[in-house]
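This report concerns only the one structure given below.
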Amino acid sequence: MRIRRLPALQDNLIPLLEHPRQRQAAVVDPGDAEPVITALEHGEMELVAVLYTHHHRDHVDGTRELLRRWPRPMVVGNRKDRHRLPPLSRPVTDGDAFLLLGRSVEVLATPGHTANHVVYVLPACVVNGQRQPPELLCGDTLFSCGCGRLFEGTPAQMLGSLQRLAALPADTRIWCAHEYTARNVAFALDQDPHNPVLHSFARHVEQLRQAQLPTIPSRLETELQVNPFLRCHTPALQAATGKTDPVDVLAELRKRRTG
């Protein structure tokens, strides 16, 4: 199985999971049908699953057109959001697991951006004798060098969700839903200006964007060193915000980032 990110709308990145030998694919948060249809038709793939992390329109609005062309995929989302999502054939809740394109998928509840946001984790596995790293399909909970706005959740909920993701294996690849990295890095440098790893990461991101390349996927081991929202417990971010409780640090960072 492989994962691609499809640019869509203004800055969305739609993860497309593909099994080339089976000619099957799954899509996460299809806010726009056109790039998904183009990719599937070019690869002669059948759409077998649609996964939602949350209900926002830029994550679901492509569904109707996709279902016109591929009418029988498994449609997965948080059962608590059934009233806000397109019809689900596989409602899930925190701790559920299912098979997708030959890989196990685990569901984690990550409230904060929305009340019922979930993420999908594909644990590490061995394919043809080679270890495949874990994959995190995290919607708008965690971004590279950032996190989602708190539209419905509280800072305490978001901190708990981020701490849960921070506990995943260090080599986890992070597939978030937006290309916000350059702006996030600029903000992080303002808050954490003496972080040498962050400065190195900023140069890497600048090179990628100048070459018109995506910054996603990121890796958790990097995010733990550069993402201020994963570093709310550190003296540097506590000093920058004037707060000591990590919940208060996150709340202040989120307030400053939203502006």
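Glycine too: its Cβ is placed from the backbone N, Cα and C atoms.
As the structure is a computational prediction, the values presented were derived from the model and not from experiment.
What TrEMBL lists as domain 'Metallo-beta-lactamase' is 11-178. TrEMBL lists HIS54, HIS56, HIS113, ASP140 with the feature Zn(2+) 1 binding site. Per TrEMBL, the feature Zn(2+) 2 binding site maps to ASP58, HIS59, ASP140, HIS178.
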In terms of DSSP three-state secondary structure, what is the assignment for HIS113 (Zn(2+) 1 binding site)?
coil
Listing them in sequence order, which of the binding-site residues HIS54, HIS56, HIS113 have their Cα within 10 Å of that of HIS178 (Zn(2+) 2 binding site)?
none
Radius 10 Å, atoms counted are CB only; among the binding-site residues HIS54, HIS56, HIS59, HIS113, HIS178, which position scores highest?
HIS54
Average the pLDDT scores across the domain 'Metallo-beta-lactamase' (11-178) and report the rounded value.
97
What same-chain residues, at least 6 away in sequence, bring their CB to under 8 Å of the CB of ASP58 (Zn(2+) 2 binding site)?
LEU9, ASN12, GLY31, ASP32
Express the distance between the Cα positions of ASP140 (Zn(2+) 1 binding site) and HIS59 (Zn(2+) 2 binding site) as a whole number of Å.
10
Name the secondary structure element type, per DSSP in three states, that contains HIS59 (Zn(2+) 2 binding site).
helix
If you take the centroid of the Cβ atoms of HIS54, HIS56, HIS113, ASP140, the listed Zn(2+) 1 site, which other residues of that chain have their Cβ within 8 Å of it?
THR53, HIS55, HIS59, THR114, HIS117, GLY139, THR141, GLY148, PHE151, ALA177
Where HIS113 (Zn(2+) 1 binding site) and HIS59 (Zn(2+) 2 binding site) are concerned, what is their Cα separation in Å, rounded?
13
Give the number of CB atoms, excluding that of ASP140 (Zn(2+) 1 binding site) itself, located within 10 Å of its CB.
26
